[in-house]
Every structure is written in structure tokens, then in C-alpha cells.
Amino acid sequence: MFPQTTMDHILHPTPREGYYVVELNRSVWVVPNYYINLTPIGTGAYGTVCAAECTRSGTRVAIKKFNRPFQSIIHARRTYRELRLLRCMCHENIIDLLDVFTPNENVNDIEDVYFVSMLMGADLSNILKIQRLNDDHIQFLVYQILRGLKYIHSADIIHRDLKPSNIAVNEDCELKILDFGLARQTDSEMTGYVATRWYRAPEIMLNWMHYTQTVDVWSVGCILAELITGKTLFPGSDHIDQLTRIMSVTGTPDEEFLKKISSEEARNYIRNLPKMTRRDFKRLFAQATPQAIDLLEKMLHLDPDRRPTAKEAMEHEYLAAYHDETDEPIAEEMDLNDDVRADTIDEWKKIIWEEISDFQKNVAFADEEEDEEKMES
């Protein structure tokens with residue numbers, strides 16, 4: 001039996017100078033003193049998010065604490081990938097990284113990583129639970145998703161995990177794409193496991209090793225359908241059920257499409273399925289406008305080669321009220337360090353520690369420049 005004082009120390013470790021400890025939903029958070037009034041607002045597979053006030057800036061922020069970022073090499077790589085991507089990206093429809101910190105005092109002890117971003121009012125999954133949106137709102141939201149995607153894709157990056165809970169919206173209907181932990185640069189052999197199943201493109205489940213940025217466009221199609229109907233389009237209970245639900249809407253693929261599938265097992269499985277005819281989207285989405293239906297048909301095409309790109313989808317007549325090519329920026333060249341490799345947890349700790357240190361140096365330098373400008377003016 002531990003003495004009570006020892007137990008208290010284990011549950012609530014003594015924080016480093018400038019930090020304090022707070023327990024939230026049975027989880028111990030150790031944060032800088034200038035983040036106050038922490039309130040839990042969400043939990044996911046990879047982290048927990050709290051709202052907080054930043055006394056330095058006088059703004060409300062969201063703080064994300066990663067769940068066991070160094071539990072495995074996969075967890076560590078995911079944390080690094082998201083940190084690197086968010087540092088490189090700068091776009092109105094992509095969440096901004098305001099701060100990143102660890103409460104641990106040296107690289108050997110690093111266990112926790114926290115990201116800080118602007119606090120948004122809600123995410124799309126929250127909104128879908130409480131209200132139905134009119135067509136103008138739907139157009140504006142989908143346009144902003146695609147605007148962010150165009151930027152992401154122009155950097156040769158695939159998000160791979162677009163879903164309502166990864167899309168934040170404020171009270172002015174302004175939208176930001178969240179959670180880049182599964183995002184990665186395109187390569188010749190893309191891994192099969194990504195994304196929440198319900199929004200996952202069929203070519204990923206069909207075990208193709210190579211897929212393209214149009215997997216994200218499929219996800220946007222699923223989100224658009226859900227915004228229109230208020231219901232998840234393909235709520236599969238497992239991979240097989242998911243694929244069956246998709247084909248009950250898109251119809252059984254033809255031989256031309258099947259030839260593109262590299263997995264012989266997947267091809268044979270599909271050939272042995274009962275023939276399904278394509279559903280009439282006008283009946284399936286009876287409440288949608290003809291323009292919305294046309295865009296849905298294009299984005300939810302079973303053949304990824306026949307889906308539009310994010311840029312092409314933005315140019316669709318359904319989004320004509322918002323499309324403005326002069327205000328749809330693409331990314332500058334990004335140094336994502338995507339070739340960084342580490343074989344041990346300790347090596348990943350060193351890489352992430354250095355990334356956090358570099359971020360904080362750049363923020364401190366920017367703050368100094370801002371102070372100098374204020375003094376000069």
C-alpha cells in the first residue's frame with residue numbers, strides 16, 4: 001500500500017515551473033499557466049480536446065492532448081506527421097496551429113504532447129444531430145470543404161480521414177478541416193487502413209495498394225449526402241456490409257472497373273455478389289436540388305478515375321454562388337520531412353522534441369518582432 005502522499009504524487013505529478021495540473025474526466029492535464037478554465041469538449045481515438053482561455057492573447061482556444069503519443073512507433077509517427085503538416089499549412093479552411101507544448105522537461109522524459117488551435121463553435125457531427133440545414137448553408141459548407149481540399153491536394157497530400165467530426169464550424173458558418181494525423185503525401189503504394197469506415201472510399205476497402213486524392217472527394221460526397229438527408233449514407237457495420245451498402249446505391253461494377261482492382265480475391269468476391277442495379281439519385285435524394293444531385297452522382301462514382309478533383313467539384317454549378325478562382329489559393333511548396341524514419345520510440349521522441357522546440361523558437365521570434373513593431377509605431 002502506497003502512503004497517501006506518494007499516491008497523490010503519482011496521480012498528480014509536480015509540474016515544471018510555469019505549468020499547473022488539472023484533472024479532467026479522470027485524465028491528468030499539465031498545461032502552461034496562461035491556459036485557464038479548461039473544459040472538456042470532445043474525445044476521439046487519438047486524443048481529447050478541451051476549450052480554454054488564453055490569458056496571453058485574450059482568446060478562446062482548443063487544446064488537444066494526444067492519447068499515448070509514444071505508445072508505439074505508429075502512434076509517434078502519426079503525432080509527428082500531424083505536427084509537421086499543421087506547421088506547414090496556412091489556409092482559411094484548415095485549422096491553424098497556435099501552440100504546441102510538452103509539460104515534460106527533457107527529451108528522455110517526454111510522454112505527453114498538446115496542440116493548441118483556435119476554438120471553433122462546433123463540428124459538423126454536432127450540427128447534424130440538432131438541426132437540418134437549408135440548401136444555401138449546405139452549398140457554403142461543401143464549398144469550403146472543397147476549397148480546403150484543393151489547397152491540401154495541391155501540396156500532393158491526401159487527408160484520408162474526412163468525416164463530419166473532423167470538420168469544425170463556427171457561428172458564422174465558417175469552416176475548418178481538422179485532424180491531419182492520417183494525412184500523408186501521395187506515393188506509389190498507399191496503405192489500405194485509413195478513415196472512418198462510413199466515409200471511406202470503396203477502392204480503399206477493395207485493398208488497392210494505389211489510390212489517389214479522389215478518395216477525399218468520395219468522403220465529401222458522403223458528407224454532402226448526409227447534410228441533405230440528415231442521415232449517414234453508408235452506415236456499414238463491417239467492411240463487407242459497407243461495400244454491400246455502397247453497391248446497393250452505385251450498382252455492381254462493370255468488368256472495366258474490375259480490371260483496375262489489383263486484388264484477385266476482391267475481384268472474385270465482387271463477381272460472386274448478386275447483381276445490383278444503380279439507384280436513382282433523384283429518388284434517393286428527393287429533397288435535393290437537381291444541381292446537388294448531379295454533383296453527388298459525380299463525387300460518388302464507384303470508379304475513382306471518373307470522380308472530379310476537388311478543384312473540378314468546386315467549379316460545379318451547384319457551388320456557382322461561392323466559386324471564385326481568384327480566391328481559391330493553392331499551397332506553396334512544403335517541406336514536410338515525409339522521409340523521416342525512426343526505428344525506436346526514443347528516436348521518435350527526439351524528433352518530436354526537436355520539432356516542438358523549433359516551433360516555440362519561431363513563435364518567440366515572431367512575438368519579439370511584433371513587440372518591436374509596436375514600439376516603433
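Using the three backbone atoms N, Cα and C, a Cβ is placed for every residue, glycine included.
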Swiss-Prot annotation, phosphothreonine - which of THR79, THR191, THR326, THR344: THR191
Record-annotated phosphotyrosine (source Swiss-Prot) among candidates TYR35, TYR46, TYR151, TYR193: TYR193
Within the predicted model, mean pLDDT of the domain 'Protein kinase' (35-319): 90
Distance, ASP179 (active site, proton acceptor) to THR43 (ATP binding site) (CA atoms, angstrom): 12
Under 8 Å by Cβ from VAL49 (ATP binding site), counting only residues of that chain that are 6 or more apart: PRO40, ILE41, GLY42, THR43, ALA62, ILE63, LYS64, LYS65
Recorded positions compared (THR43, GLY47, ASP179) - the one with the fewest other Cβ atoms within 10 Å: THR43
GLY47 (ATP binding site) and ASP179 (active site, proton acceptor), distance between Cα atoms, whole Å: 10
